Structures are given as structure tokens and as C-alpha cells.
Ligand SMILES: Nc1ncnc2c1ncn2[C@@H]1O[C@H](COP(=O)(O)OP(=O)(O)OP(=O)(O)O)[C@@H](O)[C@H]1O
Ligand SMILES: [Mg+2]
């Protein structure tokens, strides 16, 4: 496989009881960079991410990670250990743990039963957690129960957890949903920054957000790749307009 | 800063409470009758099982209604050893009645006390490992897992009841009274056994506390909060679930062994559905998710049971059911939760009197 490619989806198909949510999807990601994945509701974006991180098993095609690792054969926790981080559409954190403990568990480390029994948190790790807390704007809130955070703060915490994992591929499903404009901008900047060291895929509906931060955009429709290009190319494209407008027309009548 | 002070103040309070409890435990033989001491020792054994169940249910969110089986397996291991001792090289009486002429091979394992203790821990652990392996790995959880634990109870009880020649059937195994040649009924022996049980409970509590505070314990709580999220962080939840299930089964096995030493009998009715559910009630009422709550729940509930069921045996079950409903609906964190909340409120009241500004107060109550 090409040195610069970290993930390649070849002809991936995912079906639910015969219904093909993703059919023959192709996607190639470089080692670094921010990729936006857009498409109307039900296009199969979430399902594609699910297939990559092992939540659903593709019924056809191949998903190849780094130098030829076939992800379809691995379990979720093994895929996570390979360095693929996932953020879900709804914020999912551990509400009864403190904010710090959430980050502590996410931190890159050995994750076996015995390893977790033996470790103590090092002062360097504590410092790392502190720094990360500041970075995600939860500076003074480390010892609070995570369940008590606001919706936006939970989103941030989850992004912080993903960063603690130090993944080489990061999959985010609508990370800015429910955030204020300022928070959204901050998220965008953070994503751009972290994408300098790793591959980041962001599913997003907010076109304003995509326009501000995207370099390459992948458009999905009905489980397939519709087109790929810069935001300008995408916006100028007839088919994309039709897919989005068509949806809108349906929705109004 | 204030938050810090508050935390350390309540830590001192807790430490004092623990020391007080330890002192009470140590001094109990001085001021209780033999009969009461024996009861208390039995309750302490129950508390050991309750702590294990709490690790599983309170911390990891896995409800087992089958821990009576693990308790019973430990109990049988000890009872088999005692029975062999009592029979003095001859065939145990119930085997003769059932027409056996030779000691079954697996009984010979229990001739040594050490081996019996090892098996009393190992057998429940292995049964738990077996069940856990096939359930957790296949992501069977929640109510489905709970139903399977009930099935385990039904199978075990049926098996033991049916194999009368090997297990003593419905009557269980009884009719022994000596350990290492000393009478189990002797007052000194009773006191010694009491102290052994209390010491085991303390060790179990300390070990559990270590586990709960460790990163392992945090993963357990994370599994309870969101098993899937744990998985996508790269942990294998099934391994953690199996580990805690096996551990809690082992604790129940230990409790069962001690129980037999105090009570002198083990029978299928002591490992059935009702005892299994009762164990869960101790934890629920004491306060799940707090180790001391589970232990206290076992002591209080059994204390209440021995008082009430002596005077009103017929309403005890109803009373227990009602208590369970009341705690689940009104006190989800049990007695310990109630006490903690009350304490917290008292402190808030005190602070209010000292005139803390409104915004500070609301922050405290939110914490
Ligand atoms: N578990 C499932 N079982 C059956 N059908 C499913 C399942 N998950 C998704 N689908 C279907 O697959 C299609 C694609 O869903 P998916 O969630 O991937 O879309 P999406 O592009 O993420 O949409 P949105 O933008 O609304 O999040 C939808 O039609 C959905 O109903
Ligand atoms: Mg989606």
C-alpha cells in the first residue's frame, strides 16, 4: 500500500436485513489532514464510520488500515488499540466518573485487566491531563462529575478523550452539534490543528462550518460516493445541488 | 480550596467511623452472649458475600440473582471436609443410607482442610468463569444475564437435590461438630471463628477498596456507565466483567465456607432463589456502590430478620419485599446514601447560617 495512505475503503457494503445503508463505497485517506464527509440524512455517513471502527461488519468490500491490516476481521477494542478513535453523534462520556477520570481512562496506555490493576497515575500523566483539560476549556472542572457538565462541555470532554488516546485516525460524527457559534469555531480550529499530525474525518451538516475549515470534502448519497473535491468544486457540482435541493423539495411538500 | 477542605473533613469523619466499627467488631465478644456472637459471626460471613456482590452490581452494573450458588458451593466444600472428619474414615451416614459402598472420588479431595478451602474458592470461581465466558464475550447482559444466573440456581439446586447419594439431597450435609479435632460448639472455638470471620471481612473490604480506587475500578464504573464507549477506547469489557464476576463468586464461596463453620449445615435451600435474591436486597438496602453500605446492609437486614422472624415469622417476607420497594423507589443509594445526603444537608445548613453568599451555595449543592 502507498506509504502516505492510512485508510482505504474498497467497495465497502453494509447491509441491515437486506437494506444497503452503504453500497460500494470507496474512500482513501492520507496520513495527515482533515477530511469532511457530508451528504443528506440517511446517506450512510454514520454507518461508514461504524464499519471502520468495527461497530458494524461490512458485508462486502475491504477496509484496509496502515500497511494492510484488514479491519473487518477485528473487534472494536482491537481496532481502537490500533489507533482509531471514534466520537459518536450523541456525546458519550462516563457520567459517574469525574472529568479527570474520563481522560485518565482514555489516555494511551496498556488496557488489560492486570495492567489496570498495577498502574498508578504518574505525575507526568497528571500534568498531561491538566494540560488537556485547559486545552478543551474545562480547566477548573477536573474533579467534577462528568454527568453534570453542559451539553457543549460534554462534547469537548469527549474530544479531549479522543486526543488522550493519541489515535492516528480520528472519526468524528457531528462534533459541533449543539455548540454555540463560538464553540463551533473553536472546535474547527482545534480539529485543523490536530489534523496536522493525524488523519481526521468529520461528518458534518453545518455547511458554514465545512466551508470555513475544509480542504477536501467527500459527498455521500444513498450509500455511495457521489463526489470528492474542494468545497468550491462541491458547491459548483450539479449532482450535489440536486441531491441536496431534491431533499429540500421533498421536505417542503 | 474550600472543596479540598471539605473533602478532607469528610475523610476524617469516615476514618473515625471505620476505626469505631473496627473497635466494635473487636470488642463484640466481650459483651455479647455466645448465641448472639454466633449470629453476628454468621452475619459477618453474609457481609463478605454482600461486598463481592456489590463489586459486581454496584460498581459494574451487572445484576446476579445467582450468588446463592457460589455461596452454596463454598459451603458444600467446607461441609464435605467436616463430614469426612466426623465420619472418621467410614462412609458418611447418608451415603450408606443411599446404598453407596465406596467414597466417590471427588469426595476424597476434601479430606485435607487446605485442599477443601482451595476448592471452596476455586469451584465457585470456575463456575463463574464458565458462565461469564459464554455470556460476557457474547455480549449477553442486563436482564438476559440476570435470567441466566437464575437458571444457574435452578440447575444447581436440582442437581444437588437429585444426587442424594453424593450430596445428601434435600437434607444437605450436616451432622458434624469438629474442626481439627476441636468442637465447633466450644465457646473458645466460637470466639476464634468469630475473629477469623471478622478478619476475613476486613481483608475483603480492604482488597475491594484497593480495587475500587485503582484504575481497574474506574474501568468497572466506566463499563457500568457505557460499555460501548469503553470498548471504543480500546478496553475489552468482557475481560473486566469476567474478572469481577469471578472475584465476587470467590467472595461468596469464602462466605459460604465460614457460614458452614458457624451454622453446621448446608443444604440446597440455602443456595436457592430466595437466598440469592436476599443477598441482592442486602446490597440494595445498605447502599449499592459503597462497599461499607453493602456490608452494613447485610448486617442490618439479617439483624432485623432474626428479630422479626422470631416474633412475626409470617410477615417477615412481606416486610422485606416492602422494604426493597421503598428503597428502590425512594432511596436508590440505600441507607448509606441517605446518611451521606443527610450529612451533606446538615453541612449546607451550617454554612448557610454562617452567611455564605447565594451563588457559592448553589455551587456547593450542585457538586
Ligand atoms: N442499525 C440499523 N438498522 C437498520 N437500518 C439502519 C441502521 N442504522 C442505519 N440504518 C439506515 O441506514 C441508512 C443510513 O444511515 P446513517 O445513520 O448511516 O446515515 P447518516 O448519513 O449518518 O445520516 P444522518 O445525517 O441523519 O446522521 C439510513 O436509511 C438508516 O435508516
Ligand atoms: Mg449520522
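The backbone N, Cα and C atoms fix where each Cβ goes, and this holds for glycine too.
What TrEMBL records for B:12-31 (among others) is transmembrane segment.
Feature annotation from TrEMBL assigns transmembrane segment to B:37-57 (among others).
Among residues of the same chain six or more beyond the transmembrane segment (B:64-84), those with a C-beta under 8 A of the stretch's C-beta atoms are 49, 52-53, 56-57, 92, 107, 110-113, 116-117, 119-121, 123-124, 127-128, 145-146, 148-153, 156, 160, 167, 172-176, 178-179, 245, 248-250, 252-261, 265-266, 268, 270-273, 275-277, 279-280. Residues or ranges marked as transmembrane segment by TrEMBL: B:64-84 (among others).
What TrEMBL lists as transmembrane segment is B:104-131 (among others).
Per TrEMBL, transmembrane segment is recorded for B:143-162 (among others).
The list of residues near the transmembrane segment (B:192-212) in space but at least 6 beyond its ends in sequence, with Cβ under 8 angstroms from a Cβ of it, reads 22, 25-26, 28-29, 37-38, 40-41, 44-45, 47-48, 51-52, 54-55, 59, 184, 220, 247, 251, 254, 258, 261-262, 291-292, 295. The transmembrane segment annotation in TrEMBL covers B:192-212 (among others).
The feature transmembrane segment is assigned by TrEMBL to B:242-267 (among others).
What TrEMBL lists as transmembrane segment is B:279-303 (among others).
Within its own chain, the transmembrane segment (B:315-340) is flanked in space by residues 278, 281, 283-290, 292-293, 296-297, 300-301, 305, 308-309, which lie at least six positions past its ends and keep a Cβ under 8 Å from the stretch. Marked as transmembrane segment by TrEMBL: B:315-340 (among others).
Counting only same-chain residues 6+ beyond the ends of the transmembrane segment (B:37-57), those with a CB under 8 A from a CB of the stretch are 25, 28-29, 63-64, 67, 71, 190-191, 193-194, 197-198, 200-201, 204-205, 208, 211-212, 220, 244-245, 247-252, 254-256, 258-259, 262-263, 279-280, 282-283, 286, 288-291, 293-299, 302-303, 306. Here the transmembrane segment (B:104-131) has Cβ contacts under 8 Å with residues 69-71, 73-75, 77-78, 80-81, 84, 92, 148-149, 152, 166, 179-180, 242, 245-246, 248-250, 252-254, 256-257 of the same chain, all six or more residues outside its ends.
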